[in-house]
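Asks: For reference, TrEMBL lists these features for the protein:
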ACT_SITE  D77  active site, charge relay system
ACT_SITE  H141  active site, charge relay system
ACT_SITE  S465  active site, charge relay system
DOMAIN    4-48  domain 'Inhibitor I9'
DOMAIN    69-514  domain 'Peptidase S8/S53'
DOMAIN    572-672  domain 'Subtilisin-like protease fibronectin type-III'
Amino acid sequence: SLAAESLVHSYSKSFSGFAAKLTKAETEKLSGHEGVVSVFPSQLRQLHTTRSWDFIGFPQTVARATVESDVIIGMLDTGIWPESQSFNASGYGPPPQKWKGTCQSSSNFTCNNKIIGARFYHAGQDLNDGETISPRDTEGHGTHTASTAAGNIVTHASLLGLAAGTARGGVPSARIAVYKICWTLGCSDVDILAAFDDAISDGVDIISLSVGGAPTDYFQDAIAIGAFHSMKNSILTSNSAGNSGPAAGTVSNVSPWSLSVAASTIDRKFATGVKLGNGRTYVGGSINTYEASRMYGLIYGGDALNRTSGSDSRSCGAGSLDRDLVRGKMVHCDGVSRGDEQARVGAVASTMSLPPDTPLDAAFSFLLPVSVLTNADSAQILEYINSTSDPTGLIFKTRAIIDNSSPHVIDFSSRGPNPITTDILKPDLTAPGVDILAAWSEATTVTGQDGDTRTVPFNIISGTSMSCPHASAAAAYVKSFHPTWSPAAIKSALMTTARQLSVEDNSDAEFAYGSGQIDPIKAVNPGLVYDAGEIDYVRMLCGQGYNATQLRLVTGDSSASCSEATDGTVWDLNYPSFALSSKLKTSVTRVFHRTVTNVGSATSTYTAIVNGPVGFDTIRVEPNVLKFKNIGEKQSFVVTVTALLAKLKQSGIVSGVLVWSDGSHKVRSPVVAHTLQ
């Protein structure tokens with residue numbers, strides 16, 4: 001038996017399990033017990049971090065369902081700052097009757113009719129001194145994601161004058177339930193599973209989780225396990241795809257029953273000008289809220305070595321700069337850092353150089369005035385410093401400019417292919433995640449770094465953490481019109497109506513953006529949906545080699561088993577996209593079985609339109625016409641794809657598309673073939 005002092009947490013509401021402190025021998029012994037599906041170590045996961053809704057064609061005046069205020073989004077994050085105007089409860093009625101949750105109120109936190117529930121969890125890790133043991137957000141991330149998804153409409157919002165305008169969530173009337181799982185050191189699997197267990201029992205409609213780690217086997221992955229049980233209870237989990245791009249195969253949160261969201265740009269970016277004493281000006285990227293007052297002396301980090309440190313000062317690394325040489329000056333550094341070292345030695349500003357061939361993409365805030373410059377511009381600044389005995393410069397306050405190249409997937413957004421199940425395309429889609437203005441915790445500052453005194457109600461940050469709540473809100477918007485739709489149907493609606501992005505602007509194609517950029521208005525009326533339920537995922541898992549014992553314990557269904565009837569291939573999972581892969585650069589053929597459900601016009605005829613470029617020998621759809629007579633009617637079809645992998649581009653991916661069209665709806669699915677590296 002398990003000693004009581006070893007038990008950390010027991011999961012009993014929505015699934016069965018426990019977290020405990022075990023020795024290696026105890027772990028091995030427990031793993032061999034009948035009735036134990038998996039034993040895995042609790043890991044610490046990391047957070048994936050106004051104009052965006054308008055940019056994707058989702059204006060403030062969009063049609064709203066009368067029941068939007070009955071939709072509850074469960075935010076699993078760093079907590080929330082309840083005093084923010086984004087969460088003001090004025091005008092809200094009582095929580096929906098289905099709500100069964102609670103508010104762990106304390107001396108410094110209370111809920112309201114906007115934030116209808118709040119819990120916190122810290123069984124999985126020791127906390128640092130000064131942590132706030134309540135659902136209150138002292139980091140900012142959870143407040144930002146919650147307000148992006150469901151924040152109220154707040155006029156005159158800005159970050160100290162930048163990005164001024166109206167801030168709003170995608171579903172501003174929806175309710176928010178907060179589950180604080182993340183602390184200074186990260187987000188523990190123990191706490192993530194406890195939050196899923198509670199959120200499912202509490203009655204949330206959508207779960208939004210901007211957290212992740214290295215991809216791992218589905219049932220040794222706390223987020224995948226929690227999302228599976230959410231799916232069983234008709235709750236879609238929306239996940240961030242990760243910030244480890246642009247390397248291939250870095251995408252995380254890849255379970256087929258959850259939504260994996262990449263991050264893309266909007267048509268606003270932030271430019272920070274630099275002026276040198278020779279009159280030359282350069283434009284870099286950053287979010288600099290400080291006004292320039294005058295020209296300052298300019299020094300290169302490589303010329304300001306702290307000789308007692310033994311480190312290279314060119315990149316301005318920790319302890320590398322000489323305070324006497326840098327104090328009161330602007331310092332130019334090779335490489336991008338947080339700016340802690342420049343601030344430590346009293347620099348007044350800093351220019352930073354990107355590596356060669358690295359684009360100016362997302363803009364970030366720093367402790368002091370900073371402009372991040374291209375490698376080519378940085379070389380010219382260094383040339384100027386070396387050309388004069390008295391180099392000077394200044395950095396202007398950031399200004400917003402129009403970016404006509406948007407949308408494109410940002411460099412840091414994690415890329416496919418899916419490292420766990422290579423023939424399920426991930427990420428699923430993309431949403432705005434770059435330079436997003438949203439509410440912020442006033443228990444921290446703009447950067448959260450020591451020495452930063454800027455306390456703000458709104459902040460601008462970037463990450464797939466920011467794109468995830470956009471997709472969560474889009475899912476909630478669809479749910480408000482179609483309360484009975486399954487998680488798979490909502491996900492299908494979002495994917496098949498997504499706006500296709502340009503391959504020219506996104507060389508990784510679907511491995512960057514999945515089905516494309518979310519379009520919530522179109523998703524409400526997708527025409528057809530690819531629906532799926534627990535049994536469909538069970539069939540796929542059987543085909544992936546999971547056994548009956550694992551399935552029964554994971555699903556909670558004592559009759560679940562892998563048999564001829566339930567042993568399905570991954571290509572037969574009723575997924576809204578199509579992917580096939582091979583280790584060999586030869587011809588490969590796959591057969592996909594799919595079923596679509598009519599949710600558009602009762603009487604309708606859909607015709608298959610296929611586009612298969614060089615690299616595909618065949619994309620054949622049988623039948624290629626589907627006739628419906630009723631809403632809810634299902635029709636099945638078979639897609640046979642033959643890919644000539646020897647003809648693939650250097651990126652190793654070739655993209656096609658299947659569209660079912662009835663003249664008014666276009667139900668679009670990407671078809672992707674790739675080689676396995």
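Glycine residues also receive a Cβ, built from the backbone N, Cα and C atoms like all the rest.
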Asks: Fill in the CA-CA distance, S465 (active site, charge relay system) to H141 (active site, charge relay system), as an integer in Å.
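Replies: Their Cα atoms are separated by 8 Å.
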Asks: Taking the Cα atoms as reference points, how far is H141 (active site, charge relay system) from D77 (active site, charge relay system) in Å?
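Replies: Rounded to the nearest whole number, the Cα-Cα distance is 7 Å.
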Asks: Name the residue among the active-site residues D77, H141, S465 whose Cβ has the smallest number of other Cβ atoms within 10 Å.
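Replies: Taking D77, H141, S465 as the active-site residues, the minimal 10 Å Cβ count falls on H141.
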Asks: Count up the helix, strand and coil residues in the domain 'Subtilisin-like protease fibronectin type-III' (572-672) according to DSSP, in that order.
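Replies: Its residues divide into 4 helix, 63 strand, 34 coil.
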Asks: Can you give me the average pLDDT across the domain 'Inhibitor I9' (4-48), rounded to a whole number?
Replies: 64
